């Protein structure tokens with residue numbers, strides 16, 4: 001699998017140094033190196049002495065196509081770390097142990113990896129991996145915050161099975177996730193550097209993008225409407241294209257008062273509508289229970305169709321989708337609905353005079369709208385895009401659940417977003433990994449919902465062309 005940036009700025013060969021520190025997950029560095037080289041990038045490996053206890057130097061050298069730098073004082077001389085640091089356009093350290101993070105935070109340079117990190121002026125990305133207790137220790141938390149404050153990109157560890165019977169946050173993410181986030185950070189850094197050197201409307205976008213945090217910086221993302229208010233200029237390559245976008249969360253009525261629902265606010269879907277309009281598209285937004293204030297902020301080119309339930313949403317999408325080149329199913333659609341609707345408010349046992357009364361709510365499945373659209377296109381050449389909000393568990397990552405869903409649904413693109421306190425539903429940042437119908441990752445984006453929307457629309461535009 002090859003992970004790529006969605007934006008054109010990340011095309012072409014880059015010089016990437018992969019740092020490997022001592023961790024039982026060091027073997028995953030081999031997959032990272034392979035994916036980077038498959039994407040056309042040059043790779044050099046710098047490994048700590050502890051890392052070579054877990055993985056062989058010859059393996060790393062064979063995969064990277066270059067000798068591994070591990071000795072600070074070698075035949076190459078004491079300045080090899082300077083040469084490597086100057087060569088690098090990106091330093092990606094994966095895995096990054098608690099010990100290495102502590103050294104980087106205090107500026108300690110006692111081996112080839114730490115001296116390279118201290119010398120380079122290239123963007124630095126680290127992917128921590130350690131036991132949960134170590135990751136959550138106040139010392140590690142403080143060290144990570146120090147690195148973030150210096151501009152280091154920290155990829156949040158995944159939750160799952162660790163060594164032995166342990167389970168929890170601290171697991172090294174999947175290699176494709178690490179590669180995608182690292183290349184995206186490099187893209188943003190290059191845009192920011194270009195902005196510093198001057199460059200018109202794209203420069204404004206680049207500076208704004210650089211200031212947007214990913215999910216590992218909760219509470220600091222600039223509001224989407226501020227980003228949209230910038231005087232940006234966009235290609236009108238989607239002029240004449242019709243997008244149908246569903247957004248929000250459906251509600252399945254139990255009685256006149258209660259319903260089955262979810263936490264989706266519709267913010268990502270409305271951001272997608274804005275991003276498509278920016279590039280000239282006509283947009284029909286099928287809005288499921290979205291606040292009026294949020295809908296009022298939409299551009300006038302967006303046609304809004306309001307719905308409540310999953311069946312209403314299906315019918316509205318099918319009606320509008322017959323003339324659409326693109327359908328994006330961003331809404332959180334309820335999987336089930338009550339088999340029968342009570343025409344009166346159901347009473348508690350205390351209200352009716354009974355005690356210890358139990359209730360059974362019988363449910364029936366709602367239709368799989370996304371799979372149906374993918375199986376039977378409403379328009380020739382139609383691009384179908386889905387969303388999958390996942391959390392993962394101790395055995396399976398959110399991305400793996402998303403990959404299985406991509407294979408089942410058959411959509412052209414599936415945006416997998418991890419839902420949590422700092423990303424996903426509501427007025428928080430978002431992060432998506434975009435998979436194709438074969439479950440292969442074709443893009444990644446992290447930041448405000450509008451930035452994520454713009455990156456996804458770029459991928460859709462590439463499909464259309």
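Numbers here mean position along the shown chain, with the first residue as 1.
Even glycines carry a Cβ here, placed using N, Cα and C.
Keep in mind it's a predicted model, so treat the numbers as computed, not measured.
Features as listed in TrEMBL:
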- 1-242: region 'Phosphopantothenoylcysteine decarboxylase' (REGION)
- 15-185: domain 'Flavoprotein' (DOMAIN)
- 238-462: domain 'DNA/pantothenate metabolism flavoprotein C-terminal' (DOMAIN)
- 243-465: region 'Phosphopantothenate--cysteine ligase' (REGION)
- 335, 345, 367, 368, 369, 370, 387, 405, 409: CTP binding site (BINDING)
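This view paints the features noted in TrEMBL onto the structure.
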| residue | record | Cβ contacts under 8 Å, 6 or more apart |
| --- | --- | --- |
| 335 | CTP binding site | 365, 366 |
| 367 | CTP binding site | 310, 311, 314 |
| 369 | CTP binding site | 310, 313, 314, 317, 329, 333 |
| 387 | CTP binding site | 268, 328, 329, 330, 332, 414, 415, 416, 417, 432 |
| 409 | CTP binding site | 368, 370, 371, 374, 386, 437 |
When you look at 335, 345, 367, 368, 369, 370, 387, 405, 409, which the record names as binding CTP, what is the longest CA to CA distance in angstrom? 37
What does DSSP assign residue 387 (CTP binding site), in three states? strand
